[in-house]
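Record features, source TrEMBL:
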TRANSMEM  6-26  transmembrane segment
TRANSMEM  38-60  transmembrane segment
TRANSMEM  72-97  transmembrane segment
TRANSMEM  118-137  transmembrane segment
TRANSMEM  168-188  transmembrane segment
TRANSMEM  209-229  transmembrane segment
TRANSMEM  249-267  transmembrane segment
Amino acid sequence: MALSVIHTTIESLLVVFYIFVLFIIISSKAKTLKNAFYTLFVATGIADLISLCACCFIRVNRELGLGEEFRFIMRWCLILSGAGAFAHFIGNLLITFNRYSNICLLNKYELIWTRKNIFVIVIVQYIISFAAFFHIFKAEMIYIRNEDGTVTYNGYEKSFDIISTCTYFGGCLIYATVSAYFNVRILVKWKRWSKNGRSLQHRHEDKGLMIYTMLVSSCTLLMCAQMIIRSVATFADMKALKFWISMQYFWINDVMVSIPPFFLALLSSDLRKEMVDCIRCYKLQNLLRIFATRPNRRRSVVGKF
């Protein structure tokens, strides 16, 4: 199986853009980009980058048929990809609840989303995500020898595979149920405000973040569907279906982690303003450097005569 150069290039560009968005949010001095929503986005975005890089290596390992000498790296990538996916689920649930509390629990919003609570929530998010897949560290990795003499990774022992499958299955069901509940409640509340004319008093930014939350939740359900189908194939011992749906994981994961940075940049006017200001500042610095070096060159030429 040859290396998919286009796929790898797209993933590399996605990583660069995601890092740029996170850098803008972290380095920004704007108060609006320091609230609970953007803090949760950064925490989840870091997990997305970890998952994206780990999945990229797993895919490249399969396509190039890398041998057992990469066993240690492969094991950690399997742990990181699973933990990153789970952190994405938990993070998006937290972001959805953040929008829910901003619209449906407006009087309690400041009490819920204090700095201390956010810090504790993010720590718990990562602890749960890594704990859910750390059992892979003890799993025996299975390699098969091909006809051409190469050795390729084929998975890990069945008992640990079943544990991972059950973990994914349970996590996906919880995410789909809770996410659907919060999003429906948000929509109902927003429609009531629209009828009363109250939504006009709400900031346009809040509406954009609400739409963003629903788009990300809907896209994440695609990953949930993939994992549920894989779980059914594992329990039913349908090897062909399990292999096929497992190979779809890579592009589905790419789509899932690409939605947050692109659509947040599209729907958040505050973030767009910071991104434009950063680009303008960079261009201005380059122009100043060019103009600053020109007089020196002229003087050096005059000095020769």
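Glycine too: its Cβ is placed from the backbone N, Cα and C atoms.
Any TrEMBL annotation is an automated prediction that lacks curation.
By the Cβ criterion (distance under 8 Å, sequence gap of 6 or more), the transmembrane segment (249-267) is counted as touching the transmembrane segment (38-60), at least 3 such pairs being found. Counting residues 6+ beyond its ends, the transmembrane segment (209-229) has Cβ neighbours under 8 Å at 37, 85, 88-89, 92, 95-96, 99, 103, 168-169, 171-173, 175-176, 179, 183, 186-187, 190, 241, 245, 248-249, 252-253, 255-256, 259-260, 263-264, 267-268 in the same chain. Long-range Cβ contacts of the transmembrane segment (168-188) within its own chain (Cβ-Cβ under 8 Å, at least 6 residues beyond either end) map to 82, 85-86, 89, 92-93, 96-97, 99-100, 103-104, 132, 210, 213-214, 217, 220-221, 223-224, 227-228, 230-231.
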